[in-house]
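Novice: Okay, these came from TrEMBL:
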type	residues	note
TRANSMEM	B:26-44	transmembrane segment
DOMAIN	B:119-307	domain 'Protein export membrane protein SecD/SecF C-terminal'
TRANSMEM	B:143-162	transmembrane segment
TRANSMEM	B:169-187	transmembrane segment
TRANSMEM	B:193-210	transmembrane segment
TRANSMEM	B:254-273	transmembrane segment
TRANSMEM	B:279-303	transmembrane segment
C-alpha cells in the first residue's frame, strides 16, 4: 500500500526541521570560530557582573535639577537599550550623578553613546577654510557687534572683526580646539570640522529637537547600488521639514562656502555638505567620517534626543555579580528537578505517548538554547536569573500545546475514529486553538518589545522567542511524529501502554459494523461505560427519530487522508457535535 | 492513573459532569471574598514592600579592603537586622559595595559600624550614599503603556476571533481577578516587589489570557453547533465544554506548576529571599489562579452574559419545557445531541 500523503508530508517536515537545526548549529559554530560568539549564552549583570560607570554632570558649578537628571537617565537608558537587549541598570547617586551598570566591558563606542550630549544643530556656513595651523596671534578688543543688521542667516554681516580674528587664530588641527564651538543659538559661531577644517557659521536654523527619527546605513545611489559610505538618515517632523526646506532653498541659490550648511554636533562640525538641491521632504542624509559603529551611535543619539546636560565619566569600575553562582546553580537544579517531575507526570498521564512530550520538550529546549546563544552573540541579549526562570516556566506553557493536541486526539478516539484519522482530525482542531492562544502571547511580546524599556524588553524577547519555538516544535516535530507513530501497530491498535487505547478511553463506537447492532456487539467487561454510553445514546436517537421522519445517525464518512484500518475507521463527525 | 483517564472519558461524554456554570453565585462569592482579602490584606499588613530597584536605597562603599568577601558583608548587614536583604558586589579588585533598602539614620549607622568591623576598616572609611531607583518611573510608565496597548489589542483580537465581545469582556474580568489576587498575595506575605516579581506578573498576564483562549476555543466549538435542536440549554453546553477541557486544564497547570514549585521551594527554603523566590511565587500563584479563573469566573460570566439574549432564552425555555414534560430536571447524559445534518 502506498504511503498516504499525510505520512509523506510528515517525513518532509521532519527533514526541514533537521535542516533548521543544522543551519542554527552551523551559524552558532561559525560565530564561535570566526565571529567572536561563543557556545554558551552571555550572562546578565546579576549573574556575571560587568562595569559600573559613574557619570558626573558637567555644569561648571550650576545646580542640576532633579528633572534634568531624570530626563538624562531616561535618554541614556534608551541609548543603552538601542545597542541590544543587555538589561543595563541605570540609576542616580546622591541626586546628581548617574550610575550606569552594563554587563561586560564597554568599548569606546558604548561609552561615547552613553555620555555624549548629542546636541545637534544645522547652521549655514558663512566662511570656511581648510585645515591649517594659524600663523597670526589673536587681537583683543575687536568689535563683536555687526555694523549692519544681518538680513538672513547667510548674511556675511554676521562676520564681525572679532569673529574673523577668532576664526583666523583657531587651530582645528589640535585636539584642544574641539570644545571651541559654543555659542548661543541665535549667534554666529566659529567651529572646527572633524577633518580639521574651520568654519564661521550663522545662527542655528534647524534645531536637533525637530528630528523625529534617525537611522544609519550604507548610502545607496539612485540606481540602488551601494556606495560603501556610511551615512545617517534624518527624518524631521513637520516643523523641521519646513525649516529645512527654507534653508536649502536659500542656500542653493548661493555659491562658494555660503552654499554649504554645517551639521554641528556638540559644537563640532561633523559634516558640511553643499546644497545641491532644495530638500522639501525633510529627510536629509548626513555623510561624514562614519563607519558602521559611529553612524549607528550618532543615529541612536539623534533619535533619542540630546541630554539636557553633558556628563563626564567620573569613574569606571568592574563590578561583580550581585547574585552568586550559587543562585544560578540552584536555579538550574530546581529547573532540572521540575523537568524530571514533568517527565514523570507526562509518563503517568500519557504513558508511552509521554515520550513524545519529552522528545518535543528536548527539541524545544535545544532550539531555545541555540537561539538564545545566537541572540546573545548578534543582539547583545543576556540571560539574567529572571530570564532563566522565564525559560523554565516556558516549559509548562510549551507542554500545553502537546496536552491540547493529545487531548484532542483522545477526544477523536473516544468518538470511535481510528488512530491515523484521529491524529489528523485532532490536529485540525488543536492547531486552531494553539494558533489563537499563541497569538495572544506573541502579541504581548511584540507590544512590550516595542513599547517597553529595560528589563521588560528583555522579558518580551524571551516570551516571543519561546512562543515561536512552541509553534515550530508542535508543527514541525510533535505533529509529524504523531502522524508517523499512528502508523505503527503498537499505537494504531491502541496497546494498553500506548496512552491511546480506545478501550481505556471508552470509545463510544466500536466501528461502524458493530454500531449497527449495538447492545450485542459491544464487549462487556472493560467497555462497560462505553456500552452504557452507546445504549443511552441509542435510546435518545430512537426517541428523537420517533419525532422526525428522516433520521440520520452517524453518517459514515471516509476517513480523511490516511490508510483505513478495518474495524476502527468509523467516523461520526456529523453526529458528534 | 487509569482513574484519571477514566475521569477524562466521563467528563468528555458527559457521564460525569461538574456543575460549574450552574453554581456561579458560589464562584462569584468566592472571587469576591478573595479580591476583598487581596485588597484589604496588604493594607492591614502595612502596604506593599518595594525592592531597592523601585524605591532606591542606601549604598555603603568601602574601598581597599583586604578581604573582599561578599558573604562577610551579607552577614554583617543581617546581624543588624535579619530582615534586610543586601545586594553585595565587589567593585574592581578590592572595593566592596553593599546596597540596602533606605535605612533610618540609627540603622544606617549600625550597618556602617558592622560593615567596618567585618572588613576591618574604620567606620569613617565606609562611604554612605543615597542611590536612586534602577527601575525608575520611566520604565514603569513605558511598561504600563505597553500593557494597556496589549490588553486592548487582546480584547479586540478575542472579540474578532470568537465573534462576540462578551467573551473578551469575560476574559478581561478574569484577568483582572488574577492580577488583583496575585498582587494581593505579595502584599499579604510581605514579599518584596522586585523587577523579577514584575516580570513574573507579566508572565501571568500572558498565561491567564492564553489559558482563557484555549478553554473558550472549546466553548466556541460546542456552542457553534448549539441551536434549535439542542437538548441542552446554553449554559449546559458551556458547562460541557468546560468539563471536556477540565483534564487539559489540570494537566497543563500541573505541568506548568511543577518546575515553578521546585524553583520556589529551592529558592525560598534553600537560598532564602531573592530573585528566584520573588519570581516563582508570582508565577505559582498566577498559574493556579489563571487556570482557576478561566473555569470558574470567565466561563460562568460568559454564560450569564449570553443567556440574556432573547434568541438564546427562547431555545433554553424550549429545552427546559421539553425536559419538564419528560419529568426530568437534568440533561440527558449523552455525548452530544444528535441532530440531522
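The backbone N, Cα and C atoms fix where each Cβ goes, and this holds for glycine too.
On this model, are these features tucked inside or out on the surface, and what's nearby?
Specialist: Tertiary neighbourhood of the transmembrane segment (B:26-44): same-chain residues 20, 177, 180-181, 183-188, 293, 296-297, 300, selected by CB-CB distance under 8 Å and a gap of 6+ residues from either end.
Residues 31, 34-35, 37-39, 41-43, 45, 47-49, 151, 154-155, 158, 193, 197, 201, 204-205, 208-209, 212-213, 216, 281-282, 285-286, 289-290, 293-294, 297-299, 301-302, 305 of the same chain lie 6+ residues outside the transmembrane segment (B:169-187) yet bring a C-beta within less than 8 angstroms of a C-beta in it.
Beyond the transmembrane segment (B:254-273), the same-chain residues lying 6 or more positions past its ends with a Cβ under 8 Å from any Cβ of the stretch are 85, 191-192, 207, 279-281, 283-284, 287-288.
Beyond the transmembrane segment (B:279-303), the same-chain residues lying 6 or more positions past its ends with a Cβ under 8 Å from any Cβ of the stretch are 20-21, 24, 27-28, 30-31, 166-167, 169-171, 173-175, 177-178, 181-182, 185-186, 189, 191, 196-197, 199-201, 203-204, 207-208, 211-212, 214-216, 219, 234-235, 238-239, 241-242, 246, 249, 252-253, 256-257, 260-261, 263-264, 267-268.
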